[in-house]
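Asks: What Swiss-Prot records for this protein is below:
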BINDING   His78, Gly119, His120, Ala121, Gly151, Ser152, Asn179, Phe291, Glu376  thiamine diphosphate binding site
BINDING   Asp150, Asn179  Mg(2+) binding site
Amino acid sequence: MISQAYPLLSSIHSPADLKKLSLHELELVAAECRKKVIELVSQNGGHFGSSLGVVELTVALHYVYQSPTDRIIWDVGHQAYVHKILTGRLAQMETNRRYHGLAGFPKRSESPHDAFGTGHASTSISAAAGLAAARDLAGRKEKVVAIIGDGSLTGGMAFEAMNHLGDTKSDVLVILNDNQMAISPSTGGLKNYLVNLTLNKTYNRLRKFVWDSLSLLHNEIGETAKTAVHRIEDGIKAAFTPGAYFEALGFRYFGPIDGHNMEQLIKALREMRQLHHPKLLHVITTKGKGFKPAEENQPKWHASVGGFDIETGKNVKAPGKPAKPKYQEVFGEALVELALKDPTITAITAAMPSGTSLDLFQQAIPSRCFDVGIAEQHAVTFAAGLACGGFKPVFAVYSTFLQRAYDQLIHDVALQNLHVVFAIDRAGLVGEDGPTHHGAFDLSYLNVVPNLTIMAPGDEQELRNMLYTALYDIKGPVAIRYPRGSGSGATLHKEFTPVPVGRGRILRDGKSVALLGIGTMSNRALETAALLEAAGLDPLVCDMRFLKPLDTEIIDMAASRCTHIVTIEENSIIGGFGSNVVNYLHHAHPGIKCISFGLPDAFVTHGSMDELYREVGLDAESLSGKILEFYKDKP
């Protein structure tokens with residue numbers, strides 16, 4: 001029972017219930033929240049370290065502020081589990097990241113306490129600025145708070161928003177959750193004195209009095225005096241705290257303070273409520289706080305893909321299933337193999353070295369591996385510069401995050417026909433992370449870009465071969481898309497074999513209906529063909545490999561043998577592989593019947609891969625049933 005395991009937490013049905021508690025009871029609530037997050041992620045997986053790091057901050061925020069009237073926005077949303085627990089969703093947390101359960105990120109349709117949906121980094125301050133502008137235009141008085149991590153502050157969008165907010169003078173609080181992964185806090189007794197000073201009510205009242213008094217002076221004298229006083233204040237802060245930069249953007253800076261000290265957090269947040277201009281509160285937290293393995297290895301425990309043993313911290317693996325190599329690992333190892341022999345190969349990541357397996361490159365050849373932070377736009381143009389300088393840059397990036405650099409891909413890379421390789425990870429569905437992280441659109445948004453070669457491997461060995469081909473057999477920009485997680489278990493060969501550019505391959509000969517798959521959906525086509533064969537059909541199965549250039553010869557062959565052609569892709573049904581095939585058939589073989597299967601024109605929810613494939617109709621059983629119905633319609 002929840003009430004027995006979490007006696008205080010089970011009595012919290014909304015943030016209003018927190019306001020009845022003493023400081024000691026709030027600290028007990030925080031301890032129960034931390035215990036619940038550890039238990040939850042050990043069972044369901046999910047983002048772990050960030051949520052443990054903001055437990056006290058979340059409790060203090062909901063104690064001081066009035067959610068959902070006050071708007072609280074969590075950047076990225078990795079750290080929002082405790083927020084969900086405290087806003088009436090404790091009993092539902094067992095369903096977190098599960099099919100038809102709670103989302104792993106803030107979601108407006110899930111709760112009025114989720115003021116803004118997130119999943120990608122660096123968006124919170126822009127959203128807060130918009131919410132504050134809407135409040136001011138409507139004449140309302142609610143508070144707006146954005147919580148952003150130091151990693152997300154490497155994204156240019158965050159600084160664009162701060163630059164704008166500082167100019168508007170709007171009442172917004174930005175909380176910098178600094179878990180010391182990117183920004184190093186200053187130390188020392190004088191720093192602590194200044195922290196206490198900036199949060200002191202008397203200091204802030206005196207500061208306001210001095211400012212108001214200077215405003216009464218003659219304009220020229222008053223402004224001169226203000227400038228002098230401001231410079232003195234800024235100089236002292238700049239010497240002992242990292243706040244000068246934020247003050248230059250128009251924010252009052254407070255901190256840094258201990259993000260695990262409930263009393264200090266509440267004091268600071270109460271003071272923030274009294275200030276009616278842009279302000280930034282710098283909070284120092286420990287990622288993974290309260291779980292020793294996560295504190296000792298923060299990058300590893302950023303998220304847990306599956307369950308783990310709470311006592312040992314070791315992953316719990318399903319019995320009897322030998323591990324197959326992951327596409328990410330195969331890519332990372334292959335790139336290192338090639339780069340050790342070729343000094344012109346460079347690797348680029350946007351703050352995702354471990355997720356993309358570029359950490360292998362970092363360890364082997366650190367001088368040629370560049371982590372640019374959460375800055376995909378910069379990463380792409382940086383890669384373009386490397387290509388202009390005679391190097392072969394490989395930018396490894398999740399499909400959903402490459403969307404953020406679309407202009408740079410077109411304008412800075414493709415337009416100049418530069419040899420940049422885009423290794424597009426997490427293409428297709430990604431499971432429990434859901435719609436913010438599915439790679440559902442890359443074939444579509446890349447399809448229209450001139451000069452770009454686009455390919456998708458059907459297995460791990462194909463990925464190795466395509467990487468080699470992209471680096472040595474193609475002169476312009478290249479995109480290779482591959483899915484998350486384990487491969488098919490294909491035999492890996494040490495040598496690299498070039499893939500003929502623009503050529504597919506026949507996986508199964510046949511003549512009744514042609515199944516054209518791209519990427520790992522070619523394997524799904526084979527599974528489907530087995531079911532169709534049992535139903536009396538003789539399917540032709542082709543792995544098309546390339547979206548651009550499209551292998552029209554293999555399509556011509558299929559059209560000459562079969563009356564029906566089926567395309568299968570793990571990408572939006574609009575504008576991708578199927579669209580290209582249908583367009584070609586319309587002009588070259590107008591009598592051939594064709595049907596396309598892919599992801600629907602909708603945002604696919606979260607859940608296990610099997611559950612999601614069934615929902616969108618990309619499992620072999622659903623496909624075979626629909627194809628049999630389609631085949632009954634003779635031309």
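Using N, Cα and C of the backbone, Cβ positions are placed for all residues, glycine too.
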Asks: Which has the fewest other Cβ atoms within 10 Å: His78, His120, the binding-site residues listed?
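Replies: His120, out of the binding-site residues His78, His120, has the fewest neighbouring Cβ atoms within 10 Å.
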Asks: Filter the binding-site residues His78, His120, Asn179, Glu376 down to the ones within 10 angstroms of Asp150 (Mg(2+) binding site), Cα to Cα, kept in sequence order.
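Replies: Near Asp150 (Mg(2+) binding site) by Cα: Asn179.
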Asks: Using all protein chains shown, find which of the binding-site residues Asp150, Glu376 scores highest when you count other CB atoms within 10 A of its CB.
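Replies: Neighbour-count leader: Glu376.
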Asks: Could you state, as a whole number of Å, the largest distance between Cα atoms of any two of His78, Gly119, His120, Ala121, Gly151, Ser152, Asn179, Phe291, Glu376, the listed thiamine diphosphate binders?
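Replies: Spelled out: the longest distance between any two Cα atoms in His78, Gly119, His120, Ala121, Gly151, Ser152, Asn179, Phe291, Glu376 is 32 Å.
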